[in-house]
Amino acid sequence: MNRTSPKVGNVPPPLRFALVLCFMLAFPLPGGAQETVCLQCHSAQTGPGSKAVKPWQASIHAENGISCHDCHGGDPKDAANAMSPARGFLGVPKETDVPAFCGRCHVGIRDDYLQSAHGRALGKGGPTCVTCHGAHDIKKVTLDLINEKSCSRCHPYERAANIKAAMEKTERLIVAIEERLARFKGEGVDTEATDKSLFALRNTYHRLFHEVNTARVTNESAKLQGELGKLDQTLQKIDEQRAKRKIAGAFVVAAALVAALLFHLLRKTCD
Amino acid sequence: MNLAKRIYTWVDVRIGAGALVEKELTGYLLPTNINVWYSMGSILLFIFAMQVVTGMLLLIYYVPDADKAFKSVTFIMNEVPFGWLIRMCHAVGSNMMVLILLFHMLSVLFMGSYKSPREMNWLSGFILLNLVMGISLTGYLLPWSQLSFWATTVATNSVGAVPVVGPYLVEFLRGGKLVGPPTLGRFFALHVAVIPITIAALVGAHIFFLQRTGVSTPPFGLQETTNRWLGDRYRYESHPGGIPFFPHYALQDLTSIAVYCALFLGVVFFDPYIFFPATAFVPADPFQTPAHIKPEWYFLPNYQTLKLFPSEFLGIAVQGAAMTFLALLPFIDRGQEKHPLKRPLFLACAIGGIVLYIALMIWGHYS
């Protein structure tokens, strides 16, 4: 008989809940990611094999449930054969294979990269995906990725700075529209059509991230800003409609209060 | 004799309207010290009527099908002219109905109006409170949002703590092992047919009891506040020299209803979202449990009580005992005194109960 179980059973629910909560906070598993044998083994290692685990746990991949085997292949449920090529294990790609490795999922971005000056320099000292994005600590892409420290490892920052400046306004517009949409969603507004339009525009914007032609980036950014402006106007109309509702509401509430006053005065005349 | 007078006389001769108005309105006398709390019942009747009307309007576009319910509600909110207003009035109105019902109940408690011979008034009112909670709970599922789905999952789960029959009861309520399309069908039928009809019938009974025994005299502003009715024979509590229901108190009722409307419409137009967390506008997803699912504010004390006890059964038993005590209060509290300040034990228990209820509600909200 298990001697500990009656004791556990006697722990009051609030305390039990607190213990479970503490355990979960102390050993968090990134949202959506499965606990695989890859993580079990590599977390326990002390050498280079463990280096990928923590950066991955803080990555956008972990947040979206993309685990080790999704990129490196292998069997995440069978420790003995987890790294067997027969089970599709790919291991670490060679430098020139990195764009194809990541491009299995990020198809459009791979094509953009390969067409850019960065991609054309692949294997000739040019950067691969991991040069800028990192191998495991991949973060949600923002314009902060274009920065002097990172870019000037290979070339002067000036052109990159111009590209970043052209894209910053687009980024601000997208973020503002996203925030507005999130607010509207929480108030029951049907945002489906606007969501779809923003999704398409955001994708177009993201495809500019690998473009190094300043003139093209400037032109495309201007077009995107025009389209985003139209979306912004659509949302502005919703805001205006809501403001009108509040004005109407103020009249209705005032009318109810006036009616209350009149009824009260009328009641006084009966005394 | 002008035409209007002739028509009135013609009708009066045939149906006795004048005598009816004299008996039930202008000649229906109320205590001279009647106060504003007596108009809570009229406000509740008004709210119930509003709920019926807005509910019927919602029925025109609402589709009680798990695949279509959320979209139909979104359509009402965004496409139907004034659909948002009708839906918000219905949803906010359900919360207001519980709030005003609690005020009505508290006023009856503190003024000792539940005492003999008004046990039936109290009991029918208490059942009405439970039915209003039931109609709110069943209505909560209908938009088929994440909030609806998971709050119903939690609520129906707690029934499983009833010994022996608990699991069967849960399955019966849900129409299956889990909340799903059959649950929506069941809750829809309860929400639009079974419970409203029962509420209407009980409201009728409640008003009948009120008519039969007469309006109780409030204990405030009087020297003698003892309830003299012994319950040995039928007696109608009349109020000679009192104020007529029409137009005097009818105008007080209208004043209270108008004040209520101002408050209610203020919430509807300016911040109806105090009753809608963001999950209320996300379609139900049985595979994704939201981080924080809380019941409506009026179920928070029950929710928190369930969490406090080491077993759900104990939590339900304690709540059941408290509810039974409250339902049977007029049969337990046989004291003749009606003034709250002359009933120290009652006052201590009532205030303690209210503080506990509010504390559990706040605790449940932040837990």
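Cβ coordinates are placed from backbone N, Cα and C, and glycine is handled just like the others.
All TrEMBL annotations are machine predictions without curation.
As annotated by TrEMBL, domain 'Cytochrome b/b6 N-terminal region profile' applies to B:7-219. If you look up TrEMBL, you'll see B:235-367 marked as domain 'Cytochrome b/b6 C-terminal region profile'. The transmembrane segment annotation in TrEMBL covers B:36-63, B:84-110, B:122-142, B:190-210, B:257-276, B:313-332, B:344-366.
Among the recorded stretches B:36-63, B:122-142, B:257-276, B:313-332, B:344-366, the one sharing the largest number of Cβ pairs closer than 8 Å with the transmembrane segment (B:84-110) is B:36-63. The listed stretches are B:36-63, B:122-142, B:257-276, B:344-366; of these, B:122-142 has the most Cβ pairs under 8 Å to the transmembrane segment (B:313-332). Touching of the transmembrane segment (B:190-210) and the transmembrane segment (B:344-366) is ruled out by the presence of fewer than three CB pairs under 8 A, sequence neighbours closer than 6 excluded.
Beyond its flanks by at least six residues, the transmembrane segment (B:257-276) meets 39, 42-43, 46-47, 85, 88-89, 91-93, 95-96, 100, 296 of its own chain at Cβ-Cβ distances under 8 Å. Same-chain neighbours of the transmembrane segment (B:344-366): 106, 109-110, 294-295, 297, 300-301, 303-305, 307, 333, 335, counting only residues six or more beyond its ends whose CB sits under 8 Å from a CB of the stretch. Secondary structure by DSSP for the domain 'Cytochrome b/b6 C-terminal region profile' (B:235-367): 92 helix, 4 strand, 37 coil.
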